[in-house]
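What TrEMBL lists as (6S)-NADPHX binding site is G133, N186, H187, I188, E189, F190, S191, R192, D255. Annotated ATP binding site per TrEMBL: 226-230, 245-254, in sequence order. The annotation domain 'YjeF C-terminal' is assigned in TrEMBL to 33-324.
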Amino acid sequence: MGVGGVTLAARGRVLQRTFSLYETHSLKDMEHYVNLVRNIVPAPSAKKHKGQDGRIGVVGGCQEYTGAPYFAAISALKVGADLVHVFCAREAAPVIKSYSPELIVHPILDSRDAAQEVEKWLPRLHSLVVGPGLGRDDLLLNSVGGILEVSKARGLPVVIDADGLWLVAQQPTLIQGYQKAVLTPNHIEFSRLWEAVIKGPMDTKDDSGCVLRLSQALGNVTVVRKGEQDLMSDGQQVLVCNQKGSSRRCGGQGDLLSGSLGVMAHWALLAGPERTDSISPLLVAAWGACTLTRECNQQAFQKHGRSTTTSDMITEVGAAFSKLFET
Ligand SMILES: NC(=O)C1=CN([C@@H]2O[C@H](COP(=O)(O)OP(=O)(O)OC[C@H]3O[C@@H](n4cnc5c(N)ncnc54)[C@H](OP(=O)(O)O)[C@@H]3O)[C@@H](O)[C@H]2O)[C@@H](O)CC1
Ligand SMILES: Nc1ncnc2c1ncn2[C@@H]1O[C@H](COP(=O)(O)OP(=O)(O)OP(=O)(O)O)[C@@H](O)[C@H]1O
Ligand SMILES: [Mg+2]
């Protein structure tokens with residue numbers, strides 16, 4: 001068990017805190033973060049119209065991968081977004097549509113003017129989730145670079161996952177200093193980003209310190225490092241999520257997380273720091289999405305054991321969300 005030192009800069013004060021790598025937040029911390037997530041969840045109201053609780057875009061889906069963008073998009077809907085658009089390669093579109101009539105699917109990502117095609121939709125969207133099932137084809141990645149540029153120009157929150165992180169590792173300047181970006185790397189993706197941005201050895205005994213450092217090096221972009229416990233930082237603070245999950249590691253759980261975070265990032269930024277006790281709203285959203293994903297995992301595992309799949313976890317989103325975040 002290692003020991004990690006983390007600097008917390010909160011409300012203008014700089015605190016030095018040292019904790020065991022596998023230490024859990026205290027129950028009081030957990031309750032506090034749960035309450036902060038509750039503060040950002042929009043209240044149900046008969047006065048609202050369709051779209052007000054979230055119009056989210058998912059950029060991903062190619063010939064090989066159709067499950068990942070579907071998981072991200074349907075999770076965003078199940079968490080509470082009103083409309084979700086998927087921007088994918090032509091061949092992936094009929095497949096994704098056939099999984100769900102609830103998704104709006106645009107088969108445009110491999111067209112020559114993909115960035116302009118997506119840009120037309122941006123005024124109607126509240127956030128983008130970029131990367132699930134995108135693949136690593138140069139044409140698609142080039143278009144996604146363009147989509148990131150136009151999204152930044154509009155100040156749109158972007159959650160970047162999977163092959164979107166591959167692109168960022170090739171071109172960190174794409175998101176350098178963009179504080180409405182959240183990166184959600186798994187173990188391998190984190191190492192790749194570290195190599196591209198820090199270019200030095202990683203202190204394997206200080207996971208929290210490494211997340212903090214990567215976020216700072218990217219200009220305070222929020223980084224969520226997924227793993228046995230999830231560690232997330234905005235370059236000032238590190239939050240830990242060790243909500244009980246399960247030992248089941250089927251593919252797609254990260255897609256559930258990034259899709260949920262797409263909605264919660266929008267809610268959090270709308271609520272603002274006054275509703276998140278001056279903790280960065282995106283950090284609160286990230287903690288909420290990680291906690292939700294792990295709770296879905298636990299609930300699905302209780303029912304299905306080793307046969308648990310991401311679809312079983314998605315079935316649990318409603319119950320898990322109510323249990324955690326609805327009063
Ligand atoms: N149903 C679908 O359509 C799904 C599609 N998906 C889509 O697939 C695309 C590629 O995403 P990715 O995550 O497989 O790519 P990448 O990071 O290169 O990993 C490659 C290799 O790294 C390793 N490895 C991974 N984790 C590790 C760990 N914790 N600790 C240690 N090693 C670890 C492991 O290799 P191993 O060493 O086991 O051979 C793994 O095979 C992307 O578009 C994504 O969205 C997924 O979303 C799933 C559902
Ligand atoms: N060892 C672990 N123990 C418990 N939970 C874990 C573990 N590793 C990952 N998780 C959880 O699984 C979820 C997805 O993380 P993971 O590292 O599997 O992402 P990923 O590799 O991007 O997934 P995907 O297959 O969707 O691409 C996160 O909520 C994370 O907390
Ligand atoms: Mg992934």
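Backbone N, Cα and C define each Cβ position, glycine as well.
Automatic, uncurated: that is what TrEMBL annotation is.
Feature map: annotations from TrEMBL on the structure.
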{"residue": "G133", "record": "(6S)-NADPHX binding site", "Cβ within 10 Å": "29"}
{"residue": "H187", "record": "(6S)-NADPHX binding site", "Cβ within 10 Å": "11"}
{"residue": "E189", "record": "(6S)-NADPHX binding site", "Cβ within 10 Å": "24"}
{"residue": "S191", "record": "(6S)-NADPHX binding site", "Cβ within 10 Å": "14"}
{"residue": "E228", "record": "ATP binding site", "Cβ within 10 Å": "10"}
{"residue": "S246", "record": "ATP binding site", "Cβ within 10 Å": "18"}
{"residue": "R248", "record": "ATP binding site", "Cβ within 10 Å": "19"}
{"residue": "C250", "record": "ATP binding site", "Cβ within 10 Å": "15"}
{"residue": "G252", "record": "ATP binding site", "Cβ within 10 Å": "20"}
{"residue": "G254", "record": "ATP binding site", "Cβ within 10 Å": "23"}
Fewest C-beta neighbours within 10 angstroms among the binding-site residues D230, D255 belongs to D230
By Cα geometry, the one of the binding-site residues (E228, S246, C250, G252, G254) nearest E189 ((6S)-NADPHX binding site) is G254
Cβ atoms other than its own within 10 Å of the Cβ of K226 (ATP binding site), all chains, total 23
One should report the C-alpha separation between G252 (ATP binding site) and H187 ((6S)-NADPHX binding site), rounded to whole angstrom, as 15
Among the binding-site residues G133, S191, D255, the ones with a Cβ under 6 Å from any atom of ligand 2 are D255
Mean pLDDT across the domain 'YjeF C-terminal' (33-324) comes out at 97
Restricting the binding-site residues G133, H187, E189, C250, G252, D255 to those with Cβ under 6 angstroms from ligand 1 leaves G133, H187, E189, G252, D255
Taking every pair from G133, N186, H187, I188, E189, F190, S191, R192, D255 (the record's (6S)-NADPHX binders), the biggest C-alpha distance in Å rounds to 20
